[in-house]
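Asker: Below you will find the structure I want to go over with you.
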């Protein structure tokens, strides 16, 4: 609030406000889409595989992000109506809880992406031993470790968010993890391309090349969408911490609501990229809707 008020005095950029109806509509759509993915995986035993469990982890992260923005807007509305204050002890604890949920959503998304990338990496490099390396039990243990670490980190970061020593590692983690995931995908793409050249003389070479290209395009789109949706908000956190009184920083921070909307849009796009492109999931959705009718 203080940053927003000060920004109006040091910059000519007006505060961009997204209507509350847009927030709630986008958040509800993201929650419903990802909830549909979770229900489909639970109901279809053929989807009880490590890859789909990692996708479910990503869906939970997206749901937390949409839920965070929904609760935040409800909190703001109640403050405007006078039911809550911005300086009370209860409101401070509620704000810390919502901040912790946001950080949990971001960390959960990053580490779920990393798990998916590692799963794809093992699928390509160790295809014959994949089921021995990535067992269902091992996947569940990985997810348990990921969410335990993310929950502990989100609480610690929310409690000590005013310390630079806390903000800097949190913001550095984002580009580092994205760079590591990108390196994995580039390595996998190069390996797939090499395999395609070796089997170019086979009758099924065209099919393999199309499959590799489809997978590369899907991964590229997914990473691009994630960066476009989350990077603006992470940049906002850095600017708000290190240069809140700079006119240029204040001008960028005037689009805070737009950055928040992008996070919720990511929750809508993720199921379309990963889950809805799966033939098995599409078949499960059709059966679910047909039973409902």
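First residue shown is number 1, and so on along the chain.
Positions of Cβ are set from backbone N, Cα and C atoms, glycine also.
TrEMBL annotations: computationally assigned, not manually curated.
Sharing the record's features from TrEMBL:
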DOMAIN    33-274  domain 'G-protein coupled receptors family 1 profile'
TRANSMEM  22-42  transmembrane segment
TRANSMEM  49-68  transmembrane segment
TRANSMEM  102-128  transmembrane segment
TRANSMEM  140-162  transmembrane segment
TRANSMEM  168-192  transmembrane segment
TRANSMEM  213-235  transmembrane segment
TRANSMEM  255-276  transmembrane segment
Asker: Pop the mean pLDDT for the domain 'G-protein coupled receptors family 1 profile' (33-274) in here, whole number is fine.
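Answerer: Residues in the domain 'G-protein coupled receptors family 1 profile' (33-274) carry a mean pLDDT of 79 in this prediction.
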Asker: Could you tell me whether the transmembrane segment (255-276) and the transmembrane segment (49-68) have 3+ CB pairs under 8 A, leaving out pairs under 6 positions apart?
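Answerer: Between the transmembrane segment (49-68) and the transmembrane segment (255-276), contact is present.
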Asker: List, by number or range, the same-chain residues at least 6 past the transmembrane segment (168-192) whose CB is under 8 A from its CB atoms?
Answerer: 103, 106-107, 110-111, 113-114, 117-118, 120-121, 124-125, 157, 212, 215-216, 219-220, 223, 226-227, 230-231, 234, 237-238
